[in-house]
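Colleague: Once you've had a glance at the structure underneath, I'll fire off some questions.
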Amino acid sequence: MAAVNTVSSLPCSKAGAAVAGGAPRPSTCSVFYPPRCWSKRSSGNGVRAQASTTETTAAPAAEVTTKVEKVSKKQVDGVVTNKYRPKEPYTGRCLLNTRITGDDAPGETWHMVFSTDGEIPYREGQSIGVIPDGIDKNGKPHKLRLYSIASSAIGDFADSKTVSLCVKRLVYTNDQGEIVKGVCSNFLCDLKPGSDVKITGPVGKEMLMPKDPNATIIMLGTGTGIAPFRSFLWKMFFEEHDDYKFNGLAWLFLGVPTSSTLLYREEFERMKEIAPERFRLDFAVSREQTNAAGEKMYIQTRMAEYKDELWELLKKDNTYVYMCGLKGMEKGIDDIMIDLAAKDGIDWLDYKKQLKKSEQWNVEVY
């Protein structure tokens with residue numbers, strides 16, 4: 001049984017999780033994951049050692065790609081939903097919880113891993129619900145909150161027995177000048193390893209990955225909206241499966257306020273090293289970067305630099321767009337596409353409806 005020690009380098013505070021290996025880069029730490037055992041099978045997928053950051057392999061031989069018939073994600077066999085409901089949730093255990101934003105970041109974001117013992121058979125792109133401990137002001141149990149899953153279907157430990165989340169701690173001042181803390185986000189960010197957590201789900205089919213391994217997948221994320229894309233990208237570039245090998249193009253646009261909030265940056269940079277021809281990575285750091293006109297660099301501003309290329313990709317029937325994060329980015333992206341489509345005599349809003357119908361435009365915003 002093969003085993004590999006995996007180190008994922010994540011930006012975090014100085015008080016993060018245990019460090020493995022040498023000294024971390026400034027404002028980062030390396031989260032050590034237990035040895036991965038690749039004799040396991042998950043959902044029919046045999047997974048072998050692909051995530052090691054220390055081994056060098058020869059470039060693979062050129063492969064012949066074949067056209068894959070488009071199959072609706074929502075009709076894929078084996079996708080489980082609502083196995084666990086609020087009245088009978090699954091009780092998992094917190095295995096790891098570490099802050100992944102820098103000390104100077106505007107707010108805290110945490111990466112956490114929960115045990116599932118294989119009882120929550122989720123897919124990349126699904127969500128789970130979390131029911132925080134305690135009762136509300138009416139004396140009733142807190143309602144569940146949904147969170148996008150941040151790990152691939154086999155989990156961060158590659159044993160199909162864990163699920164990971166990426167959660168920002170919600171703290172704000174209301175109109176009365178009172179400090180308000182989000183119930184579930186603070187519950188999760190304060191969890192200690194060994195603590196129990198009540199989980200529901202999995203839920204959702206909107207954000208499932210396309211089955212076509214030759215597809216172009218454009219991912220647009222802001223903040224913790226990166227969660228489902230981390231799950232996609234781990235499957236594409238850190239794992240090997242008997243029935244799936246990604247040969248297409250993955251293009252990630254990630255928008256954040258500061259460089260200390262570039263979540264999972266070192267993981268993504270490692271993926272780019274592994275597959276430079278198949279993975280493109282563009283950051284938009286609004287408080288630190290500007291475009292040529294001096295405008296703040298939001299995600300739509302960065303996309304505008306590639307607008308013609310993006311439009312050409314969107315004309316193809318094997319291009320899929322996934323958007324996750326703050327709702328405000330939708331309008332900015334529409335504004336770019338309206339002008340581009342008009343040059344070809346196309347009404348963008350009508351065209352976007354067609355893309356949605358063919359499951360090529362997938363949105364999960366809040």
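Even glycines carry a Cβ here, placed using N, Cα and C.
Values in this document were obtained by computation on a predicted structure and should not be read as measured data.
What Swiss-Prot lists as FAD binding site is ARG145, LEU146, TYR147, SER148, CYS166, VAL167, LYS168, TYR172, VAL183, CYS184, SER185, THR224, and the listing cites similarity to another entry. Summarising the annotation, Swiss-Prot assigns NADP(+) binding site to SER148, LYS168, THR224, VAL256, PRO257, SER286, ARG287, LYS296, GLY325, LEU326, GLU364 and lists similarity to another entry as the type of evidence. Per Swiss-Prot, the feature disulfide bond maps to CYS184-CYS189. Feature annotation from Swiss-Prot assigns domain 'FAD-binding FR-type' to 87-209. Taken from Swiss-Prot, the feature phosphoserine applies to SER185, supported by similarity to another entry. Under the heading phosphothreonine, Swiss-Prot lists THR216. What Swiss-Prot records for 1-48 is transit peptide.
Show me how these features fit into the structure around them.
Modeller: For ARG145 (FAD binding site), the same-chain residues that are 6 or more apart in sequence and have a Cβ closer than 8 Å to its Cβ are GLY129, VAL130, PRO132, VAL183, CYS184, SER185.
Cβ neighbour count for GLY325 (NADP(+) binding site): 25 (other Cβ atoms within 10 Å of its Cβ, all protein chains included).
In the shown protein chains, 20 other C-beta atoms lie within 10 A of the C-beta of CYS184 (disulfide bond).
Over the domain 'FAD-binding FR-type' (87-209), the average per-residue pLDDT in this prediction is 95.
When other Cβ atoms within 10 Å of the Cβ of SER185 (FAD binding site) are tallied across all protein chains shown, the result is 22. In the three-state DSSP assignment, the secondary structure recorded for SER185 (FAD binding site) is helix.
Summarising the environment of THR216 (phosphothreonine), the number of other Cβ atoms within 10 Å of its Cβ, over all protein chains shown, is 18. DSSP classifies THR216 (phosphothreonine) as strand under the three-state reduction.
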Colleague: If you count other CB atoms within 10 A of each CB, which of VAL183, THR224 wins among these binding-site residues?
Modeller: THR224
Colleague: If you measure C-alpha to C-alpha, which of SER148, THR216, THR224, ARG287, GLY325 (recorded positions) come within 10 angstroms of CYS166 (FAD binding site)?
Modeller: SER148, THR224
Colleague: When the Cα of THR216 (phosphothreonine) is compared with the Cα of each of the binding-site residues SER148, LYS168, GLU364, which one is closest?
Modeller: GLU364
Colleague: With the NADP(+) site defined by the record as SER148, LYS168, THR224, VAL256, PRO257, SER286, ARG287, LYS296, GLY325, LEU326, GLU364, how many Å span the farthest pair of C-alpha atoms?
Modeller: 28
Colleague: Could you say which of the binding-site residues LYS168, ARG287 has its Cβ with the most other Cβ atoms inside 10 Å?
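Modeller: Buried the deepest by this measure is LYS168.
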